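Trainee: Got a structure for you, questions after.
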Amino acid sequence: MPGYYLWTIGCQMNQAESDRLGRLFELWGYSLADKAEDAELVLVNSCVVREHAENKVVNRLHLLRSLKNENPKLKIALTGCLVGQDISLIKKKFPFVDYIFGPGSMPDWREIPEGFILPLRPPVSANVTIMQGCNNFCTYCVVPYRRGREKSRSIAEIGCEVAELVRRGSREVVLLGQNVDSYGHDLPEKPCLADLLSALHDITGLLRIRFLTSHPKDISQKLIDAMAHLPKVCRSLSLPVQSGDDTILASMRRGYTNQQYRELVERIKTAMPDISLQTDLIVGFPSENEEQFNQSYKLMADIGYDAIHVAAYSPRPQTVAAHDMADDVPVIEKKRRLKLIEDLQKETVGKANAALMDTFAEVLVEGLQKNKWQGRTLGGKLVFLESDLPLEGCLVKVKIFKTSPWSLQAKLVNIMES
């Protein structure tokens, strides 16, 4: 049986698409290989959100070109955001790649089976793409140019997929989109994310629902209320701010101010005092001075996030920022600001997790990791526990006995649902 190998970088949507493509290859008669050298087909699922990620993709492709020179029968497939909407440009740049198709698309060199392409034994926590694309065109972001405009799937279609995943063993779904808060705006009935959450909530056997990524300007009170009142919806929200300075936010074309963002957070915390918030932050955006960075730092400290995904700005081709704004913050200064935020996160999250010592939590166990069961709380905290019992897929009650900024150690109290 011929082998296939997947190399994936980037967001959870990329991982979800790679999982689906892997299942498709298996339907075509391939089996998963341990490494590229053992495969007849290698798929590269690419990301170009940051320059560092794009460089990794290009380096990987050149390594595969060398492998193909040694094994001319090897077929290389490329998808993801490196491809974008103009495949001809990629074909010219990487002529040794055999198959190229855009992000979110399916390969066209063989027949595609009808219906959902799902794993026979899906993970406990399964990714489900509910929409593609983005209409916001933030000045630094290449995603709208690569994945196109927003396109939502219907509630009925998503519901059928989730129900089938649950039937096959999943207990949680993570709803994915570049901007899930805009879900449904392009559909005839104009449903919203809150409507989708309500529909999925009724699926028997589904224990939890998560979603990402959100845009602060698009979060409605209806969504906040749905999260607060639907028990299966996790108390976890990704709320990317990108900057804490109003001038920089305007240059980014984010559509809100520091104060408006703070007011949104206050509304969310009022409705859900136990909410776990995560954010994305860019340091060193064009023209960002020390005072503007300090506004970001202060916002991070004031909100007290459970996770801060921070990155140094890098210009992306096609974007307004790359075309019209000078990348004028020195690299050494970007690195300094990056470290300050990382240190703040370690301190803030460390204190928040330490406050959980000797408390109880409900954990959905996802599987084994280094001989320990691994799962997450309703707020998304990573928890490890030891037990000889088969706990995969179980909802368990645990007691926290050790904490760190990155995870919690717990003891099993009892199994709540198996």
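The chain as shown is numbered from 1 upward.
Backbone N, Cα and C define each Cβ position, glycine as well.
Sharing the record's features from Swiss-Prot:
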- 2-118: domain 'MTTase N-terminal' (DOMAIN)
- C11, C47, C81: [4Fe-4S] cluster 1 binding site (BINDING)
- 120-351: domain 'Radical SAM core' (DOMAIN)
- C134, C138, C141: [4Fe-4S] cluster 2 binding site (BINDING)
- 346-414: domain 'TRAM' (DOMAIN)
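Give me the local environment of each listed feature.
Mentor: In the domain 'MTTase N-terminal' (2-118), helix, strand and coil residues by DSSP number 46 helix, 22 strand, 49 coil.
The Cβ neighbour count for C81 ([4Fe-4S] cluster 1 binding site), using a 10 Å radius and every protein chain shown, is 27.
Around C138 ([4Fe-4S] cluster 2 binding site), the same-chain residues six or more apart in sequence whose CB sits under 8 Å from its CB are Q242, M252, R253, R254, listed in sequence order. Under DSSP, C138 ([4Fe-4S] cluster 2 binding site) is assigned to coil, being neither helix nor strand in the three-state scheme.
Mean model confidence for the domain 'TRAM' (346-414) is a pLDDT of 97.
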Trainee: For C47 ([4Fe-4S] cluster 1 binding site), what residues in its own chain, 6 or more apart in sequence, show a Cβ-Cβ distance under 8 Å?
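Mentor: Counting only residues 6 or more apart in sequence, the Cβ neighbours of C47 ([4Fe-4S] cluster 1 binding site) under 8 Å are I9, G10, C11, N14, A53, E54, V57, G80, C81, L82.
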Trainee: Output, ordered by sequence, the same-chain residues six or more apart from C141 ([4Fe-4S] cluster 2 binding site) with a CB under 8 Å from its CB, or 'none'.
Mentor: V49, C134, R316, T319
Trainee: Across the domain 'TRAM' (346-414), what are the DSSP residue counts per state (helix, strand, coil)?
Mentor: 9 helix, 36 strand, 24 coil
Trainee: If you count the C-beta atoms lying within 10 Å of each candidate's C-beta, which of the binding-site residues C11, C134 ends up with the smallest number?
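Mentor: Minimum Cβ neighbour count within 10 Å, taken over the binding-site residues C11, C134, occurs at C11.
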